[in-house]
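Chemist: This structure is in structure tokens; I'll ask about it shortly.
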Amino acid sequence: FLTACDLMNQGILALVSSIGCTSAGSLQSLADAMHIPHLFIQRSTAGTPRSGCGLTRSNRNDDYTLSVRPPVYLNDVILRVVTEYAWQKFIIFYDNDYDIRGIQEFLDKVSQQGMDVALQKVENNINKMITGLFATMRIEELNRYRDTLRRAILVMNPSTAKSFITEVVETNLVAFDCHWIIINEEINDVDVQDLVRRSIGRLTIIRQTFPVPQNISQRCFRGNHRISSSLCDPKDPFSQSMEISNLYIYDTVLLLANAFHKKLEDRKWHSMASLTCIRKNSKPWQGGRSMLETIKKGGVNGLTGELEFAENGGNPNVHFEILGTNYGEDLGRGIRKLGCWNPIVGLNGSLTDRKLENNMRGVVLRVVTVLEEPFVMVSENVLGKPKKYQGFSIDVLEALATYLGFKYEIYVAPDHKYGSPQDDGSWNGLIGELVFKRADIGISALTITPDRENVVDFTTRYMDYSVGVLLRKAEKTVDMFACLAPFDFSLWACIAGTVLLVGLLVYLLNWLNPPRLQMGSMTSTTLYNSMWFVYGSFVQQG
């Protein structure tokens with residue numbers, strides 16, 4: 001405020017601010033009171049996605065604040081993308097700097113549609129956070145958590161997203177069948193390549209994009225204004241590292257320059273009045289309304305595209321780019337543009353997963369199995385004819401064969417075993433059939449172990465199995481000797497023997513040499529009193 005007040009004392013035509021929401025409201029009040037056109041450029045903390053500021057708007061003539069950056073459309077974009085992908089269950093991760101209230105509208109809408117959504121904050125120390133999960137969760141809980149991570153949305157700055165993806169991949173919390181969405185306006189091409197390189201599975205990235213002139217020779221010219229090549233070239237490292245807020249600052253200054261030039265051409269220039277926000281009797285600037293209208297009616301084609309203002313004082317021009325990869329476990333795979341989104345047209349493009357091609361027609365696969373109810377069972381065994389099988393796993397195999405068009409021959413492993421490593425390094429059972437290429441596919445109720453994963457590839461697990469122990473509930477009975485339960489009978493016997501033995505020794509010593517043993521107020525030195533003295537010492541009582 002002191003800086004703004006000092007500027008007004010020297011004379012001011014417009015106020016440009018690139019700050020957070022907290023300070024923006026105060027500057028709005030100041031600009032409205034002094035009739036100073038205020039061009040507000042919302043800036044987020046450390047590249048974290050923006051949340052709506054909720055600046056107070058009115059239709060009266062005392063509203064002098066214009067929002068240069070478009071409204072926050074993250075709720076609309078996420079909802080459209082999630083709906084296109086037909087997600088029903090997913091988790092949202094957000095960092096410490098993000099205001100979770102920014103996606104409250106999205107959470108309300110998905111809740112109305114019956115989607116199952118979980119929220120989790122990502123701490124600054126990501127390694128400690130992941131280590132804590134392994135330390136506090138049981139195996140069954142970790143497996144359920146891994147299933148939850150198959151579909152996730154990351155609302156965080158690019159640096160935190162890179163570190164988080166690296167940790168969950170290295171700790172094997174995600175597999176190649178996962179699909180994550182990262183949404184942030186502040187993601188450049190370098191961040192995109194780095195995120196793809198660190199991730200596995202499928203990755204979708206949503207970011208704000210700006211139109212680039214197709215004519216390379218015209219990229220650095222905006223009317224009569226020439227832009228530095230380090231800013232207008234999208235491949236320039238300096239341009240890549242610039243925050244979106246700084247791009248809007250550049251265009252805002254260009255817009256103001258055009259507005260001031262138009263004022264001079266129309267001979268409607270208002271002298272800068274020296275204003276102060278300290279004294280109560282300060283009068284607002286008389287030319288503020290005229291300058292504000294000139295700025296609102298003007299427009300500029302700058303680094304962020306068309307910068308103009310609607311009747312409500314906001315910038316309606318915004319475009320989001322949706323990038324994505326295919327499923328895969330290879331790091332560093334390619335990424336392509338899937339579509340784009342804007343508030344007028346909506347989604348332009350299709351995000352629907354491409355189905356597998358039916359390119360296995362005519363292929364015959366050998367399938368090895370081990371009988372295990374209810375997964376694989378013999379349904380028909382006629383002499384001279386191939387056995388027929390049924391069960392849950394057989395139904396899955398039959399559905400795949402119908403969809404992909406292949407045929408299969410199924411047989412039981414010769415030794416009827418699932419497979420374990422032998423002393424010579426070879427494998428037996430079902431795993432051995434796959435290792436020695438005698439079978440193409442193995443299907444059964446097979447447990448995934450690290451040793452088996454080293455020699456064969458497993459699909460995503462479809463069932464978690466754990467062992468439970470049942471115990472008979474103990475009957476409650478009333479025992480009058482329950483007070484003796486803490487100690488064993490032999491220990492109680494030793495205590496009783498010690499009381500008797502020490503009491504006898506005290507009595508004998510006091511009887512042989514009375515003056516050397518004082519027993520307080522006790523005047524009698526009988527055996528009975530000696531026993532009570534020792535017992536009182538044991539139970540800490542007088």
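Every residue, even glycine, has its Cβ placed from backbone N, Cα and C.
Source: prediction; values computed, not measured.
From TrEMBL, here are the annotated features:
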- 364-542: domain 'Ionotropic glutamate receptor C-terminal' (DOMAIN)
- 374-436: domain 'Ionotropic glutamate receptor L-glutamate and glycine-binding' (DOMAIN)
- 489-512: transmembrane segment (TRANSMEM)
Chemist: Compute the average pLDDT of the predicted model within the domain 'Ionotropic glutamate receptor C-terminal' (364-542).
Modeler: 82
Chemist: By a Cβ-Cβ criterion of under 8 Å, what residues six or more beyond either terminus of the transmembrane segment (489-512) are in contact with it?
Modeler: 519, 525-527, 530-531, 533-535, 538
Chemist: Please list the DSSP helix, strand and coil residue counts for the domain 'Ionotropic glutamate receptor L-glutamate and glycine-binding' (374-436).
Modeler: 20 helix, 16 strand, 27 coil
